[in-house]
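A.B. asks: Structure in structure tokens, see below.
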Amino acid sequence: MSLIRMSSPHVYKANSTANVMRLVLLATLPGITALTVFFGWGTLIQIVWAALLAVAFEAAILKLRRRPLGFYLSDGSAIVTALLLAVAIPPFAPWWVTAVGVFVAIVIAKHLYGGLGQNPFNPAMVAYALLLISFPVEMTRWTSPFVLNGEGWPVASFMDTLGAIFGSVEHIWYDSFTGATPLDELRHRGGLTTEETWRQSLVLSQGIGAWHAVSAAWFMGGIFLLYRKIITWHAPISMLLALAVCATLFYGFDPDSYADPFFHLSTGATMLAAFFIITDPVSSATSNRGRIIFGASIGVLIFIIRTWGNYPDGVAFAVLLLNLAAPFIDLYSQPRSYGHSRANKGRGGKA
Amino acid sequence: MTTVITAILILFGLAVVFGIILGYASIRFRVEGNPIVDQIDALLPQTQCGQCGYPGCRPYAEAISNGDAINKCPPGGQSTIEALADLLDVEAIPLDAEHGEEQAKTVAFIREDECIGCTKCIQACPVDAILGAAKQMHTVISSECTGCDLCVEPCPVDCIDMIPVETTIANWKWPAPAESRNLIATDRGRGELQQQEAH
Amino acid sequence: MGKVFAFHGGIHPPENKKQSTRTPIRKAPLPKLLYLPLQQHIGMAASPLVNIGDRVLKGQMIAEPVGRISASLHAPTSGIIRSIGPHPVPHASGLESDCIVIESDGQDEWIEHQSIEDYTKLEPGTLIEHIRRCGIAGMGGAGFPTDVKLHLGDDHIVNTLIINAAECEPYITADDMLMRERAHEILGGIRIISHLLKPSHIMIGIEDNKSHAIHTLEQVLKGCELNIDIRVVPTKYPSGGERQLIKLLTDIEVPSGRIPADIGIVCQNIGTTTAIYRAVHHGEPLISRVVTVTGDAVAQPQNLEALIGTPFADLLDAANVYENKLYRLVMGGPMMGVTVEHDQIPVIKTTNCIIAATIDEMPPAPPEQACIRCGMCEQVCPAELLPQQLYWFSKGREFDKARHHNLFDCIECGACAYVCPSSIPLVQYYRFAKSEIRTEEAEQRKADHARQRFEARQARLEREEAEKEARRKARAEEAARAQQARKNNENAAATAEPAQDISALKTAAAVARTKLKKAQKALDAARESGEGDISALEAAVQAAQTSADQAQKALDSADKPSAPTAPAAGADIKQLKTAAAVARTKLKKARDALKNAEDKGLDGLDKLRATLSTLEQKAEEADKAFKDAENAASSSTEATPAAPVDMKALKQQVSIMRTKLKKAEAALEGLEGDERSQAEQALEELRQRHAEADQAFKAAEQAQIDAAAAQGVDLKQLKIDAAMARAAVTKLERALAKTEEEQERASLEAELVTARDKAEQLNKTLQQHEPA
């Protein structure tokens, strides 16, 4: 009789990378719904387009790297990357912007570094930052809220949106649907105080609810992920806390020049970043303590870039900067192991 | 004029002060001469086999510290080369086949009924791992044998074998898990194959 | 009920315990063959006390412990020792190890054994020795010899005894059933341990999924005099890990690299307590244990009390295994157990469970995917390590870094691999890294050792060289000193003790003679010419004559004792011969001189005659001495053949004799008369001697041949010759393989052929003579 011989353990939790990715996709549903409801079909179209491209690029590059397609494609990580990029770029961005973005994300930021698990930077954020720098016009032309049901706002149908994205409709047409985001408004307010800006801006005074709703939806998705133990609380909570603390300090000190903490937490990509971007395990810090440091640093950086930087939202840059610092954080945030009085620090070993 | 003199004086003063500080530091924080030869010697496998062309590990260590190549040690193999490359901060190069190839660990064994007791192997053994006397049968203390095979050549009756060290429960090592992440397309289904084999 | 704390991480795998608790513990049927590995515990393997073919009784010690950390082994039933040798054992490597195989005779006959009446009256050391004699080793899984743990009270302050009843691994219910059915034995065992270690506090750590066992224990503990606490801990794997349980119950962590006793805690497994109880109260050594036989591939999962050494197959049969469904056989739990490759592997002291799993129950692990650093492993690690960092380091062979990340604190519980979404065999990576590091360390140790030996040898060689050099120098100095001394002596001898040195005396005598001659010549000249002071000259001649006489006398006196001593000294024949020859020559010369003088009618004839007579005497003496010595020598040569014979010397002797004989015969022809008859006589003698020597030689040779025929030649010599010939052949072959030159090859080949022939011949002879 000859039986199988292998190392313990002999049982495994029914759990797989593909499963993790599926749950992440599931958790993005509220956010996608909210985006679609308030900002039109553009987001959905971008997601589908980006996902198709991502799978195609992934397949091509796997072919080039001579890896079995089925085995690697089935982990679903490419689709998650595409989705996170698609929800971050403006709903009316032209098709080639998305295409360039997905190419950069999958081919350059992921596979050139060795594929899943080896990429030092969050692929979606690399792509986003690159697009933001390369195509500032297209990337800052966000849609006005409530494009699906007017009440004083312009309305765009599905086919029109599709046409706009794939270039069959004149620019002038969809110019009427686009507007600044709340962060844009606040960033480019000239010499006005915060309160004056609020009163003057249509987006801020009437449309802010849409952004709040979208943030709430991402937050819901995040709670779901926490509940399913896909992510840990450390990074998101510390990031949100750090952002809130910074905002409170400055707002309390000078309410005229700075936005209130709730505004910071509920607009832009804050919630998306907190639960879906910085929790990307590959490019973030490893240990719980490391994640707290990682998240908090991103929170502070987001506030700094938003307040004093050149770009209205700083999530992508903050995340990329901290991705860079993650290995270093790992070295100095090892947990204290059982039976040790202190945690180890540094790399250990030679060189 | 005074400014110039002042400047010169200040600079001179600074020079003296720093000179004193440097002088003190050089005495106070003096690093003992780095015994690089010892460090190299510690990495060599100490088989004393002489395959590198030097009469023992230490002479080779000295040669390395004087710039000889680090790839002349077949018993140490690639891992020793890597360790040396790491220590000396040079490129790890493949083993120089001229000096022999990396082989499984062996231990000398004397076929005792053929031994004529000539003591030639005893004189050849660099670590005194062979026991015996003239006209008496010799034997190898296997725990002390480094497997250098220097005793094989001198034996006039060819009664010494180098036998590979047997794997027992005591020295068995866990193997590294089979790589499947770097599966290439031609290996597709290797995982399933293994499963089938297992059935 | 005391407070229970928490440890980091942990998982909740499906328990699968209910299946095997439905029926009570049943005795397993007596197997036909029992395989008892000599090493079932941590430490040194036991050393067998029995031989193949011995009959042993149940409970008889068949292997004794070696060294401090070791355990003895007992026959689980009566029977015959069939073999002692390698047999597969339950080990992750699947390799074989030495086992004692007992064929049971079915009588199950106990050896005489005795319980200890009142262990409290015994010396603790004696009691522990009794437990050691009973071969008890930790039955929870590690198999650490229990007596060593019981000695911990000697050099540690033990204030807490923890009885590990957590049994956190899925499937296993052996301890659970033991508690349900033998709670009294457990309590008895705890009493003994407590008596030995004298802890102030005893805790039984038990998971909350064993309510029945908890209830039974509580019943038994009612009214117990000991301070025993049952601490119910939440069901979470691996709460039964020693360090985890200590953290759970006391909130203290065992420092890394230390043992619990260092913080005043000793842990014992439930199974071990019953074994101790039986050893003390019944005198029974550890020869059986409760084994859970479970898994989907058996029809009746249950707990069996099996003899140590029972092959798994017997237990599986007892539980009605479905052979065709069996896919994986695990000894131990599903988290940390080892797979065994076939079912003839025996139960050992640490076998708490056998899982016969189907393929659906324990499917092969899916292929390893990329680590996405999700960190789930870190969340479940009970040792609070960074499993994925360890994984990267192990995979990248950066063992230094892995160590720095506390790889050796990993308890290999498998929680990380259990949760890993990428199905990475993390535990195997750690085991791989650990064994690599251990091997590396062992190699380093060995290398250091080799270096030490090498250096020691080098130093020794140098020392010997130096000593040799010193000796050589000393010898040279000695020689120089001796030379010096001799010179000094000579000088002294010339003046003070002329008798000492003959050659010096001779010189002196010669000088005196010369002087005398010169003086005489001068006197003659003076007389002839009639000039000068003749009387003064005569006086001078007189003086010279006296001194010459004196010198001669001294020489003679010195010479005389030296000549006769030589033969007495035991006869350097050669020297004697030379001396005789010299004497003869001198004699001849003297005779010549005498004749000459007589012819010429010179003065001093008398003196010359006198000298001649002395010389003749001396020559005779020398000749006699030589002959004596030669006789002695020949008699000794004649004696030799009787002794065990130097054949070579004998042969030489014979050939010398022959030569002499021939020479004598040749000389005979040239002689006449008296001499001839004399010579003939001598020749006869020689012939006789030659015949004797020849006979002796032949006899010796015959004896040797006889001896060889009797004992098979000189086997050793023959063997050596044969081996040498073989070696020569291989060497030639090697050389042949190396050379490419045509001519050289040809000559080598020719040589090889001869060498082969010779080797073959020798081999043949060897085979003939070698005792079959």
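Every residue, even glycine, has its Cβ placed from backbone N, Cα and C.
TrEMBL annotations: computationally assigned, not manually curated.
Small disclaimer: the values here were computed from a predicted structure and weren't measured.
Pasting the feature list from TrEMBL:
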- A:20-38: transmembrane segment (TRANSMEM)
- A:44-62: transmembrane segment (TRANSMEM)
- A:69-89: transmembrane segment (TRANSMEM)
- A:95-113: transmembrane segment (TRANSMEM)
- A:125-144: transmembrane segment (TRANSMEM)
- A:T181: FMN phosphoryl threonine (MOD_RES)
- A:208-227: transmembrane segment (TRANSMEM)
- A:234-253: transmembrane segment (TRANSMEM)
- A:259-278: transmembrane segment (TRANSMEM)
- A:290-308: transmembrane segment (TRANSMEM)
- A:314-332: transmembrane segment (TRANSMEM)
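Surface or core, plus neighbours and distances: that's what I need for these features.
C.D. replies: Away from its own ends, the transmembrane segment (A:69-89) comes close to residues 17-18, 21-22, 24-25, 28, 31-32, 35, 43, 46-47, 49-51, 53-55, 57-59, 62-63, 97-98, 101-102, 105-106, 110, 115-116, 123-124, 127-128, 131, 139, 269, 272, 276-277, 316 of its chain (Cβ-Cβ under 8 Å, at least six residues beyond either end).
DSSP assigns A:T181 (FMN phosphoryl threonine) to coil in the three-state reduction, outside any helix or strand. When Cβ atoms from all protein chains are considered, those within 10 Å of A:T181 (FMN phosphoryl threonine) total 24, not counting its own.
Using a Cβ-Cβ cut-off under 8 Å and counting only residues 6 or more beyond its ends in the same chain, the transmembrane segment (A:208-227) has close neighbours at 23-24, 26-31, 33-35, 37-39, 145-146, 181-182, 233, 236, 265-268, 270-272, 274-276, 279.
Proximity of distant same-chain residues to the transmembrane segment (A:234-253), defined by a Cβ-Cβ separation under 8 Å and at least 6 residues beyond the stretch ends, is recorded for 222, 226, 259-261, 263-265, 270, 273-275, 278-279, 284-285, 288-289, 291-300, 302-304, 307.
Residues 183, 187, 232, 234-247, 250, 258, 264, 268, 270, 273-274, 278, 284, 314-315, 317-319, 321-322, 325-326, 329-330, 333 of the same chain, all 6+ positions outside the transmembrane segment (A:290-308), place their C-beta atoms under 8 angstroms from a C-beta of that stretch.
Here the transmembrane segment (A:314-332) has long-range neighbours at 88, 120-122, 125-126, 128-129, 132, 268-270, 272-273, 277-278, 283-287, 290, 293-294, 297-298, 301-302, 304-306, 345-347, meaning same-chain residues at least 6 beyond its ends whose C-beta is under 8 angstroms from one of its own.
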A.B. asks: Mark yes when the transmembrane segment (A:95-113) and the transmembrane segment (A:20-38) have three or more Cβ pairs under 8 Å (sequence separation 6 or more) and no when they do not.
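C.D. replies: Touching, no - the transmembrane segment (A:20-38) and the transmembrane segment (A:95-113) miss the threshold of 3 or more Cβ pairs under 8 Å.
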A.B. asks: Other than its close neighbours in sequence, what residues sit by the transmembrane segment (A:95-113), given a CB gap under 8 Å and a spacing of at least six beyond its ends?
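C.D. replies: Tertiary neighbours of the transmembrane segment (A:95-113) are 46, 49-50, 53-54, 57-58, 61-62, 65, 78, 81-82, 85-86, 89, 119-124, 126-128, 130-131, 134-135, 138-139, 165-167.
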